[in-house]
Structure formats: C-alpha cells, structure tokens
Amino acid sequence: MSRIAQVIVDVPSRGTDRPFDYIIPESMQGWLEIGSRVGVPFGPRTLQGFVVGLSMESDTPAVKLKPIKELLDLTPPLSEDLVELSEWMSARYACHRITALQVMLPAALKGKAERYIRVTDRSEWAERGSNLQRDPDELVLFESADELTDMEAQIVAHIQKQQEVRMEHLTRKFASHADVIKQLLQRGVLSESRSIRDKVQKKTIRTVSLHLPEDEIRTIIEEFPAKARRQKEVLTFIADTGGEIPLKDIMTVLGVTAGTVKSLADKGYIVIRDMEVFRDPYKNHSFAPSQPFVLTDEQQMVYNAIVQRLDTRTEGEFLVHGITGSGKTEVYLQSIQRVIEQDRQAIMLVPEIALTPQMVERFKSRFGDHVAVMHSRLSSGERYDEWRKIREGQALVAIGARSAIFAPFANLGLIIMDEEHETSYKQEESPKYHARDVAVHRAHQHGAVVILGSATPSLESYHAARSQSSDEFNPALLEIHGRALGSELPEVHIVDMREELKEGNRSMFSRPLHQAIEDRLEKKQQIVLLLNRRGHSTFVMCRTCGYVAECPNCDISLTFHQRSNNLRCHYCGHAQPAPEICPECGSEHIRYFGTGTQRVEEELAKLFPGIRVVRMDVDTTTQKGSHEKLLNQFRDKQADLLLGTQMVAKGLDFPDVTLVGVIAADSALHLPDFRAAEKTFQLLTQVAGRAGRHHLPGEVIVQTYNPDHYSVVHASRHDYASFVREELKHRQVLSYPPYCRLALITFSHEKLPLLVRIAENYVQMVKDHSHKLGWLGSLERFSAEALDVLGPVASPIPRLKNRYRFQCMIKWRGDMDVARLAEHISEQLQDSVRDKDLQISIDVDPQVLM
Ligand code: ADP
Ligand code: ZN
Ligand code: ZN
C-alpha cells in the first residue's frame with residue numbers, strides 16, 4: 001500500500017508546476033487513486049489538487065511532509081490515462097500541468113476553499129495551547145460561559161447549535177460584529193477550518209419510501225387512528241405505489257403538506273431521503289428514433305475499412321475526404337453502432353455544438369439516452385451531469401466541441417472529428433491544444449480508431465495522409481466522390497463585382513444574384529445567403545476626413561453597436577457613446593456602419609418587399625437555444641432566406657435550399673495569415689454544399705473582386721485536388737506548414753523599449769541554442785538548418801489593453817522539442833528580468849496568427 005501521494009496543486013505558476021509529496025492518511029487508504037481530487041495544505045492555504053502518482057517513499061524530508069486533508073470525491077474524476085495525457089499536453093504545448101488537468105474537467109469541479117467556523121473543543125485547547133502561544137491563564141477564562149459577553153455568548157450558541165457554520169454565513173448573520181468574531185477567533189474560543197467546496201452541487205430530489213416490510217405497513221394502516229385520516233391516506237398511497245416516490249408528487253397528488261409526510265417518518269414507518277438525479281437538458285425534446293440507412297457503395301467501402309480496424313481492435317487513423325452531402329455522418333453513426341456493440345465508447349467532435357443542432361438530433365435519434373451532449377450553452381450543473389453520465393458509465397457516446405475530447409470514457413473505441421479542418425479545434429488560450437493531436441494521443445492510449453472527416457481536409461491532415469512521413473500521425477485516406485442521395489454538386493457562378501461597378505451597379509447585390517433571388521421567391525424555394533464577415537468591421541468613419549474611432553487602450557477600431565448606440569472594443573471591453581459629429585474635423589458626415597448582416601437585411605427588405613428573412617449572427621444568437629429556434633423557423637418554411645455569417649455555412653441540411661449566394665467571397669483573402677487562401681476555399685466549398693442537397697438541383701452565386709484567385713476558381717469547380725496542389729506549392733516555397741512546424745511567441749509589456757529588448761534577446765537566444773549540441777542534456781540536435789526564427793516584429797494587434805505586443809515565429813522541420821526550448825528560454829528571460837508584468841506566451845502549432 002502506498003504511503004505517499006504526488007499531488008499537482010491548483011496554482012498555475014512556474015514555481016508550483018511539479019508534483020508535491022503528501023502523506024496519505026490511514027482513513028484514505030484504499031480510496032485514494034491516481035486521478036483523485038484532494039484538498040491539501042499548501043503554505044497557509046488549503047488548495048485543490050490532483051493525485052498524479054503514488055509511492056512508498058518520498059525524497060522530501062519526513063518532517064516537511066504534511067498529510068492530505070480531504071478526499072473530494074468517492075470516484076476519482078480523472079482516469080489514469082487522462083492524468084498521463086496531461087503530462088503529454090504540458091510538454092507538447094508548453095503549459096502548466098494543472099492547466100492541462102483543469103481543462104479536462106467540467107467547471108463545476110473547480111472547487112474553491114471555504115472557511116468553516118466551529119466552537120473549539122476543550123480537549124483541543126489543552127493540546128493546542130502551546131502552539132497558539134496563548135497565555136495559559138487566558139484559557140481558564142473560558143472554562144465557563146459566564147466569561148463571555150452577551151454578544152459573544154450569542155455567537156457561540158449560534159455556532160454550537162449547528163456544529164459548524166460557513167464564515168460567510170456568520171459574517172452575514174452578525175454583520176455589525178465582525179470585531180467580536182475576530183476576537184473570539186484570536187482568543188481560540190472559535191476555530192476555523194478550510195475545506196474545498198464545488199461550485200455546483202449534485203442535484204437531488206427528496207424521495208419517500210417504506211421503512212418496514214409491506215405486510216407490516218398494511219397492518220399499521222388497518223389499525224390507524226381515525227383522526228389521522230391524512231396520514232393514513234399518505235401511507236396507503238406510498239404502499240400502493242411502491243418504490244421511491246418524489247415527496248413533491250405525494251404533496252401534489254394528495255394535497256398534503258410536507259409536515260404530514262414527515263410525521264410518518266418520525267414514527268418510523270417511512271424514510272425520507274435525498275436521491276441524486278441527473279439534470280437532463282433534453283428532457284423536453286423528443287427525438288423520433290431513426291434506423292440506419294443501407295449504405296451506398298462508396299459509404300460501404302469506407303465503413304468496411306474502419307470496421308476492419310475496429311473488429312481487430314487495432315488503433316489507426318482515417319481521413320475521410322467526402323464531398324458535402326456524401327453521407328459521412330451516416331458512416332459515423334454506423335461505425336459508432338459497431339463500437340457500442342463491442343462494449344466500447346465513442347467521442348464525436350463537432351466544430352461548434354451550438355451551430356449543429358441537426359447533428360445532435362441525428363445522434364439522439366439513433367442512440368437515444370446513450371448520448372451525452374457536452375454543450376457550452378448548458379448550465380454548469382447540466383454540463384456537470386452530462387459529464388458524470390460519461391464517468392459513471394451511463395453514456396456510451398459523447399458529442400461536443402473541442403473539449404469533449406476529454407470525455408472520461410473507460411474503454412474508448414472510436415474518436416470522430418467532423419469538419420476536421422475547422423480552426424475552432426485549436427484552443428487559443430492555455431492550454432493551447434489542438435483536439436486533433438489530443439485525439440491521436442488518446443486513441444494510442446486506448447487502442448482506438450480516429451476518423452477525421454471533411455469535404456475540405458486541412459492541408460496538414462491531407463499531406464500527412466499522402467506522404468505517410470510522420471511516426472505519430474499517418475491517417476489512411478478514404479474518399480467519397482458522390483453524394484449519398486445521388487444529387488449533383490451545385491453549379492457555381494462567379495460574378496466579378498468590378499464589372500458590376502463599371503456598369504453602374506452600386507448595390508451589394510449583383511444583377512445575377514438579384515435575379516436568382518427573385519426566381520426562387522417565385523418558385524417558393526429557399527435561399528441561403530452568406531456574408532463573409534472576416535475582415536469586415538462595423539466601425540465608425542468620418543466621410544469628410546476619414547477619421548476612424550479607435551480604442552484608447554488597444555490599437556484597433558471600435559465596433560458600433562446599434563442596440564445600445566455605443567462604440568465598443570471587442571478586445572478590452574472599453575465602451576463610449578457614438579459621436580454625433582467627427583471629433584477630428586467637426587463634420588456631421590460621420591457614418592455608423594451597423595453589423596454587416598443588419599445592413600444586408602435592410603437592403604433585402606428594400607429590394608424584395610415581403611421577403612421573409614431569418615438572420616443568424618452574433619447579435620441574434622446570444623440566447624440559449626436561439627440557433628435552434630432560428631433554424632427550425634427556416635426548416636418549417638416560415639422564412640424564404642437564411643442570412644448569416646460563417647454560421648450558415650456549416651453542416652446544415654435543408655432539402656428546399658436551391659440557391660446559395662455569397663456576398664463577399666474574398667473579404668478574408670488578404671488577411672495577414674498564410675492560411676487565408678485555404679480558409680477562403682473551405683468556406684466557399686462548405687457553403688456551396690448547402691445547395692441542392694436532396695432532389696432539387698442547386699445553384700451557387702459567388703460575388704468577388706478576385707474572380708481569378710485560385711481559391712475562388714477551384715472552389716467554384718469543386719476541385720479540392722487542384723486547389724491543394726497549388727496551395728502546397730506556395731507553402732513549400734515559403735516554408736509553411738505542412739512543410740514545417742511553427743511556434744508563435746508573443747511578448748507583452750506596458751513599456752515599449754523594455755519589450756523590444758526582451759523580444760530581441762529572445763530571438764538571439766533561440767539562435768544561440770539552436771547551434772548547440774545536446775541541449776539541456778537531451779540527445780536531440782537543434783540543427784541550424786532545420787530551425788529558423790523570424791522576427792521580432794510588432795504583433796498584428798500591436799497594443800492590447802494598454803500593453804504593447806511583439807512576436808517572433810520559430811519554424812522548424814523534423815522531430816525537435818521546440819516547445820521545451822521555447823519554454824526554457826522564456827524562463828531564463830523571466831528570471832533575468834524579474835518583472836511580473838512581462839508576459840511571454842507560447843503557441844505551438846498556432847492557428848491564428850493575429
Ligand atoms: P455529409 O455529412 O457528408 O455532408 P450527410 O451525412 O449529411 O452528408 O448526408 C446527406 C444526406 O444524405 C442526408 O440527408 C442523409 O440523411 C442522406 N443519406 C446519407 N446516407 C444515406 C444512405 N445511405 N441512403 C439514403 N440517404 C442517405
Ligand atoms: Zn472628420
Ligand atoms: Zn480595447
């Protein structure tokens with residue numbers, strides 16, 4: 001039996017980023033496991049921590065070892081494989097171990113220490129007397145309650161009655177007597193203890209059941225005194241119904257008070273207890289059960305390849321490249337079915353769960369209550385319960401965004417990542433992990449299969465599948481070329497907006513798009529309209545002098561919010577009233593551009609009187625369930641046109657949509673991001689895939705100022721292969737992923753000169769280190785040819801929240817632990833500067849370069 005536990009404590013700092021040894025008290029022997037959550041003394045505080053190892057001995061001198069204070073859960077919230085995964089993550093993404101552990105758990109389990117107060121035991125006094133360094137005479141003073149003032153006695157009595165009260169409660173109850181409480185604590189009459197409490201409690205309902213055998217109860221009912229008619233009724237009801245009955249139900253059905261029921265409990269006939277229940281966020285939804293389709297030949301081939309691995313229980317990765325509407329989801333569903341039959345579990349990742357109600361519906365219809373939905377819009381209590389269903393083995397399939405990759409299944413058989421190219425799979429704050437890499441690692445741990453699916457795979461995955469060059473990630477490529485329902489991909493027309501302008505059309509709608517919309521309205525078919533808003537902002541500009549309102553704290557223009565009529569900074573939250581006249585030149589011609597989609601909506605109403613529009617953007621989808629409501633409205637044909645940003649491009653499957661319009665295809669093309677062309681191609685392909693998915697043929701109209709750009713041209717021909725060929729050429733020439741890996745290092749500080757010096761030092765140190773052999777005692781070689789460092793330069797957002805920002809980029813090829821190098825240098829610099837204000841953040845494999 002282990003005596004010592006290694007614990008990672010909940011302080012995300014460099015000094016505490018290692019396991020600390022604690023003694024396992026006897027009472028926890030047999031309960032404490034790797035993955036247990038514990039409360040431990042740490043300096044003067046009590047902190048939450050996670051057990052990451054167990055041992056017999058400790059290197060820490062015995063006198064310094066303290067015992068673990070409390071065990072917070074009966075079942076450890078983390079399994080051993082997740083604990084191991086956190087170690088891998090902290091190395092790969094240069095993050096603190098605790099940050100990696102925390103991201104795996106629902107927020108509800110982020111416990112915080114609370115203070116409890118009780119009346120000090122007399123026996124304890126004697127024992128603790130010396131420690132407390134109190135005058136021994138003083139102790140005697142409290143031997144009798146007479147020595148307490150009235151107020152003191154009142155407080156002591158209050159606490160004694162409840163044995164233990166929360167500090168918060170006490171200070172509220174005796175609000176004007178904080179001094180008295182403090183005094184009592186100092187004198188040792190009261191003592192405090194600390195304990196970790198979860199933010200969210202398990203939900204319970206009060207239930208009632210029989211306490212005696214039923215025949216005995218029947219006799220009791222017979223002999224009940226006549227005047228206790230109500231009690232008799234209640235007891236009969238409980239005996240007749242049997243099992244555990246919610247107390248509420250008894251009260252409503254029989255119209256009795258809780259007191260009546262309780263008096264039966266007092267007599268020992270029944271027991272009242274709190275039973276734990278799961279909150280079910282989908283309890284008011286009904287899902288019509290769905291049967292598996294007979295697969296098409298292409299689907300069948302993909303399915304067979306996957307099942308071959310599943311049946312032989314061999315791990316492996318697949319990249320399913322299937323055009324939009326090719327029926328990838330059906331392949332996922334049937335593969336999961338197979339895994340469930342093998343008594344294993346599956347994780348289904350989607351880019352953003354709020355945007356994919358249709359996906360959730362298909363999963364609930366197929367697998368019913370076996371599905372746990374990990375949804376950011378659920379309350380933290382609901383989220384906690386969905387998580388517990390997984391941990392306790394009640395759910396077999398978890399569906400959710402990025403963080404669902406940590407679903408604590410014991411026996412994982414399959415991980416599916418739909419739309420694997422989406423950037424939302426990368427977390428932008430620490431731990432800056434990519435769900436794809438985590439998926440591959442978890443699958444290795446479990447001998448599970450990974451399926452990456454997309455109509456437009458990321459170049460990284462596609463290249464890995466084609467070249468089979470890496471040891472870690474070698475997906476086998478499976479392709480589906482036809483649509484499941486046999487329909488053709490829609491025809492795509494490119495409209496050159498420069499020509500439109502030349503011919504005098506200043507509207508945001510080109511003539512072909514205008515005509516097509518009119519046509520569909522007449523035919524009563526539906527339309528999806530995409531406004532690509534990346535790169536567009538909704539700023540305030542003076543038309544006389546060109547003044548643009550900017551945030552005083554960040555170098556970025558302020559966004560106009562129509563509802564509140566003010567200007568806000570999206571980064572720091574700064575808000576100011578919208579000006580009536582230009583603050584620079586005094587002109588009245590200052591214009592507010594409302595959100596792009598709002599303007600399009602207004603324009604639509606003007607051009608097509610009576611058109612029914614559903615607008616989906618950040619403004620209309622802030623409320624829980626609002627996406628679903630809007631989409632249902634569109635599905636039920638209460639609207640002719642669905643207008644929106646990126647949100648409308650993905651995953652939607654509406655049979656009557658025959659026209660897709662793209663207002664500004666190229667607005668993201670010129671962003672300073674080497675993936676700009678790839679993102680544009682993906683978005684156009686995805687949104688085009690919304691048209692003509694079922695029996696009616698579809699048409700797509702793309703408006704652009706760059707009609708010859710290869711991303712636009714290839715997307716219009718549905719030609720992924722040609723796009724990839726051309727894009728890979730560019731990447732190779734400029735040396736960008738997938739031909740190398742990147743790490744983005746961002747420095748920030750309030751003082752610019754210091755910041756520049758730090759950034760320059762950093763770059764120099766990377767260069768110096770890369771020439772050394774055997775760096776940090778490892779045998780890896782950081783060869784100068786394979787490693788390159790660019791910068792430092794000012795970040796694309798050069799100032800944020802009053803802090804200046806600089807960055808540099810490390811590029812490398814081959815198998816080098818650059819994360820460790822970057823972290824090591826960062827630590828050296830932090831140590832030499834000793835300025836708490838300096839922040840250095842490391843982003844390995846960054847997705848967003850801004
Ligand atoms: P993808 O996820 O590849 O875009 P979907 O899975 O949404 O494609 O499939 C497109 C449509 O085809 C859906 O309406 C789906 O119900 C239907 N479908 C998929 N597979 C089959 C099949 N084997 N037989 C009949 N219909 C199918
Ligand atoms: Zn002006
Ligand atoms: Zn700001």
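Cβ atoms here come from the backbone N, Cα and C positions, even for glycine.
These features come from TrEMBL:
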type	residues	note
BINDING	Cys542, Cys545, Cys582, Cys585	Zn(2+) 1 binding site
BINDING	Cys551, Cys554, Cys569, Cys572	Zn(2+) 2 binding site
DOMAIN	309-475	domain 'Helicase ATP-binding'
DOMAIN	577-731	domain 'Helicase C-terminal'
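Features per TrEMBL, on structure.
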residue	record	DSSP (3 states)
Cys542	Zn(2+) 1 binding site	strand
Cys551	Zn(2+) 2 binding site	coil
Cys569	Zn(2+) 2 binding site	coil
Cys582	Zn(2+) 1 binding site	coil
(message) If I take the alpha carbons of Cys569 (Zn(2+) 2 binding site) and Cys582 (Zn(2+) 1 binding site), what is the distance between them in whole Å?
(response) 19
(message) Taking 8 Å from the centroid of the Cβ atoms of Cys542, Cys545, Cys582, Cys585 as the cut-off, which other residues in that chain fall inside it around the Zn(2+) 1 site?
(response) Arg543, Thr544, Gly546, Tyr547, Pro583, Glu584, Gly586, Ser587, His589, Ile590
(message) So among Cys551, Cys554, Cys572, all listed as binding-site residues, which is physically nearest to Cys542 (Zn(2+) 1 binding site)? Use the C-alpha atoms.
(response) Cys551
(request) Rank the binding-site residues Cys542, Cys551, Cys554, Cys572 by the number of other Cβ atoms within 10 Å of each Cβ, and give the residue at the low end. (result) Cys572
(request) Average the per-residue pLDDT over the domain 'Helicase C-terminal' (577-731) and send me the rounded value. (result) 85
(request) Please check each of the binding-site residues Cys542, Cys554, Cys569 and report the ones with a CB atom less than 6 Å from an atom of ligand 3, ordered along the sequence. (result) Cys554, Cys569
(message) I need the CA-to-CA distance for Cys554 (Zn(2+) 2 binding site) versus Cys545 (Zn(2+) 1 binding site), whole Å please.
(response) 22
(message) Can you tell me the CA-to-CA distance separating Cys545 (Zn(2+) 1 binding site) and Cys551 (Zn(2+) 2 binding site), as a whole number of Å?
(response) 18
(request) Measuring Cα to Cα, tell me the gap between Cys585 (Zn(2+) 1 binding site) and Cys551 (Zn(2+) 2 binding site) in whole angstrom. (result) 18
(message) So if I draw a 10 Å sphere around the Cβ of Cys545 (Zn(2+) 1 binding site), how many other Cβ atoms end up inside it?
(response) 14
(request) Filter the candidate list Cys542, Cys545, Cys569, Cys572, Cys582, Cys585 of binding-site residues, keeping only entries whose CB is under 6 Å from an atom of ligand 2. (result) Cys542, Cys545, Cys582, Cys585
(message) I'd like the Cβ neighbour count for Cys585 (Zn(2+) 1 binding site), meaning other Cβ atoms within 10 Å of its Cβ, all protein chains included.
(response) 13
(message) Just to verify a number: CA distance, Cys582 (Zn(2+) 1 binding site) to Cys572 (Zn(2+) 2 binding site), in angstrom, no decimals.
(response) 23
